[in-house]
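J.: The structure that follows is given in the form of structure tokens.
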Amino acid sequence: MTFAEIILPLHLKGTFTYKIPEDLVEKSEAGMRVLVPFRGKKIYTGIIFKIHQEEPTAFIAKEIISLLDEVAILPKEQLQFWEWVSDYYLCFLGDIYRYSFPSSLKLESETYLKLKPHVTIDFQNLDSNEMYLIQALEVRQLINLTDVEAFIPKKEIVKTIHGLLELQYIEIDEKIAEKYKIKEVSYVKIKPDLLKNLELSNIINELKRAKKQQELFLSILEHQTDHPEKPLRKSTLLNDGLFGVSQVKSLIDKGFVEEYFLEKDRLQSYEGEIEEIDSLSDAQNLINEEIEEAFSKNENVLLHGVTSSGKTHLYLEQIETTINQGKNVLFLLPEIAITKQISQRLEKKYGKKLGFYHQKLTDFERVEVWRKIKNNEIQILIGTRNSLFLPFKNLGLIVVDEEHDTQYRKFENNFFYNGKDSALVLAKFHNANVILGSATPSVESYHLATSGKLKYIYLSERFGNVKLPTFELINFKEEQDFKKVKGNFSNFLITELQKNADSGKQAMILHNRRGFSNVLECETCGYVNYCSNCDVVMTYHKSAHEMKCHYCGQKASKPQFCPKCHGQKLNERGVGVEQIHDELKVLLPNLEIDRMDVDSMRKKFAYEKLYEKIEAEETNIIVGTQMISKGLDFENVDIVAIPKADSLLHIQNFRAEERAYQLILQVAGRAGRVSGKGKVYIQTYNPQHQIFQMIQEENPKIIYDYLLEERKKFKYPPFVKTIFIELKHRKEDKVERSARFLGSVLRKYIPEVCILGPEKSPIAKINTLYQYQILLKLPRSKDYTTYKNFVKKSLEEFDEITSYKTIKKEIYVDF
Ligand SMILES: Nc1ncnc2c1ncn2[C@@H]1O[C@H](COP(=O)(O)OP(=O)(O)OP(=O)(O)O)[C@@H](O)[C@H]1O
Ligand SMILES: [Zn+2]
């Protein structure tokens, strides 16, 4: 007997064993989708993970109902990758499946049944449910599982379908089951036989009395003669308003013109001219040779290139090489908003061979990308980290741009993974090369590179040998003492911003806090407004006239007076980006000043509009959160200022300094990209801080050595491996008890020094759930695997306690 381990789209551990029916054994293969019954009542689309001959001993395996694919939908590299992700990040295969498959490929209740053609049904031997289903199918031809639930009790559905499938009365309709249909676009052309038979002049004559139709006919003819290779869209004809639908219809009715349909890619692809890419500069050429040398030795690359050094051009070069070798490319970006620049460049060169993939696509669009990737129609896929789970074939190169970005490492859909590290593993399964690129690599990647596990390649000059920006620290304490400030700005900075604008230059101001003020506080009783779901004070957003919780998204209107003591005066404490923006507008009233943050960019096309406004130099100053630090390449920005730089360091996290450094350097990198006169002003109470001091050096080694030294001293990655576990529940005492229990189980296996906690999380409650945390700091080397197995074992023991089943667990490996 043959069995299969099936991955089900459920938040459950491991795979599930099913028997493969004799007639399907030959056809079955790992990576195919199957339909299986689960827990009596439900039917799911699962994926064959493994096929084997070991009959389960503890239970009788149910049978697979049917196979949904003729060839595996998941290539073996993806199955290997899923297995690795699940094992390394301690997450469920079912969650990976749910996360990575577009929902219409998972069918489940959308699966359709139909009668087998030409069967004679012996109604005598059917039970009532079977009878109902057959009768329904005689009337409706196709029925999906959800419909069946209307007339058959849920838990009997599977049995009924099973019975009828066995009797060979019904079958599963796989084609219809897939909801996805390709969108078609209508085109027009002159009837081909008319062209051959020289009837054209007759027709033109015939149309003499219908001038418009004649004109239309001629214009179609003209298009066809001028561009014989280019189909003419019906909508193009109608677009300029010269002709109407009725004229087109008349020509079709008269049989002169015919309408036909072509599949349109839902994803807009570029239809314009194809352009060559620029050649590399001398400095870039040297780097490119280094990259090639590394690849020839099967080494992956960390490309550390200062801002505006032209990393994109180096990626393009390698993309080109890879494609010329007949292989495909995955280009990862931290978020979709910043694909605009890279895609513009790639579109010019690669047009339709380009695909996009990210969380914002509709399910239809996601399926389309799946299909194209499977058919090898996309050569370059640009996407966010979830693209790693697409069914790639023949992958030759993965680029991870802005590899330091925190968007690559987050918890989403029940599991945490780092897209950058996962890219390295996926590439291994495909034998593909990897470039990690950044102007400010993560400390971990830098360490990997300098300890020889990645090839470290440093590009120290900007393209065109443009000078890097210079830094100037403004001692805000001193300025205040001498009364040379207005609000959050020194008089000096205000003057510099005005002068900059007067000379036709633009500036960017970074303040990485959303909202207007962090807190509204009652002057009389000290009351502050807490979110009712979270243990967090709500942020005041002045422009939206509301209070928002940045953790759960809850909104409330701004209180007019203190709800506790009815005091009239509510003070605003803590400065948000809105306030900086408002202040500047008052300080520099003659300038155009815009704001860029998630709150102001929420409206559709808001980002595109502001982007174009900046590009057209219609704005003088852009005030923004970290959003302005990412990938923007504007020619005319000379000044970057950080008025409250200390706030970047006031974060309780071992990565705080690293992040402050990256953010400052990234935003600084927007300055003087063409002029070479970039100037960065940092206002601080603490000009002596190491980070502010070291950032001024053009030698990154100084700062990385310092950051690594700190990590070593306080035992943080990359010197130890971390696993962070957060437990959550509505009841605080319950989550506390469960956390203590997990702590004690872990302590059975793992030395005390490696375990921190359990303790209440710094934010005690988010989204109505109380949270407790445990941090494990495990040694690197062989022991890590041993310890990790102990962690797995502890989690299993925890899961055996029935009353803890409702505790939500979040596990972050390499936190
Ligand atoms: N070889 C080249 N030929 C022509 N233009 C180039 C070349 N290399 C870079 N450039 C131009 O230099 C500018 C900076 O390049 P790019 O944006 O790729 O830098 P980057 O290294 O990605 O910087 P950042 O990390 O700041 O985003 C761009 O406007 C780009 O078009
Ligand atoms: Zn909240």
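Including glycine, each Cβ sits where the backbone N, Cα and C put it.
According to TrEMBL:
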- C522, C525, C562, C565: Zn(2+) 1 binding site (BINDING)
- C531, C534, C549, C552: Zn(2+) 2 binding site (BINDING)
- 292-459: domain 'Helicase ATP-binding' (DOMAIN)
- 544-711: domain 'Helicase C-terminal' (DOMAIN)
J.: Cβ within 8 Å of the Zn(2+) 2 site's Cβ centroid: which residues qualify beyond C531, C534, C549, C552?
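T.: Same chain, not in C531, C534, C549, C552, Cβ within 8 Å: S532, N533, V536, M538, H550, Y551, G553, Q554, I766, N767.
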J.: Those binding-site residues, C522, C525, C549: which ones have a Cβ sitting under 6 Å from ligand 2?
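T.: The qualifying binding-site residues are C549.
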J.: Through the lens of DSSP with three states only, how would you label C562 (Zn(2+) 1 binding site)?
T.: coil
J.: What does the structure give for the C-alpha distance between C525 (Zn(2+) 1 binding site) and C552 (Zn(2+) 2 binding site)? Integer Å is fine.
T.: 27
J.: By the count of other Cβ atoms within 10 Å, pick out the sparsest of the binding-site residues C531, C549, C552, C562.
T.: C552
J.: Can you give me the Cα-Cα distance between C562 (Zn(2+) 1 binding site) and C549 (Zn(2+) 2 binding site) in Å, rounded to a whole number?
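T.: That separation, Cα to Cα, works out to 18 Å.
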J.: Could you round the CA separation between C549 (Zn(2+) 2 binding site) and C522 (Zn(2+) 1 binding site) to a whole angstrom and send it over?
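T.: Checking the Cα atoms of C549 (Zn(2+) 2 binding site) and C522 (Zn(2+) 1 binding site) gives a distance of 18 Å.
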J.: If you count Cβ atoms within 10 Å of the Cβ of C522 (Zn(2+) 1 binding site), leaving out that atom itself, what do you get?
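T.: By my count, 21.
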J.: Using Cα coordinates, what distance in whole Å links C565 (Zn(2+) 1 binding site) and C552 (Zn(2+) 2 binding site)?
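T.: Rounded to the nearest whole number, the Cα-Cα distance is 27 Å.
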J.: Given the Zn(2+) 1 site residues C522, C525, C562, C565, which other residues of that chain have a Cβ within 8 Å of the mean position of their Cβ atoms, reported in sequence order?
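T.: My list of surrounding residues reads E523, T524, G526, Y527, P563, K564, H566, G567.
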J.: I'd like to know the mean pLDDT over the domain 'Helicase ATP-binding' (292-459).
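T.: So the average pLDDT across the domain 'Helicase ATP-binding' (292-459) works out to 91.
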J.: Other Cβ atoms within 10 Å is the metric here; tell me which of the binding-site residues C525, C534, C565 scores highest.
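T.: Most Cβ neighbours within 10 Å: C534.
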J.: Rounded to the nearest Å, what's the C-alpha distance separating C534 (Zn(2+) 2 binding site) and C522 (Zn(2+) 1 binding site)? Just drop the number here, would you?
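T.: The separation of the Cα atoms works out to 20 Å.
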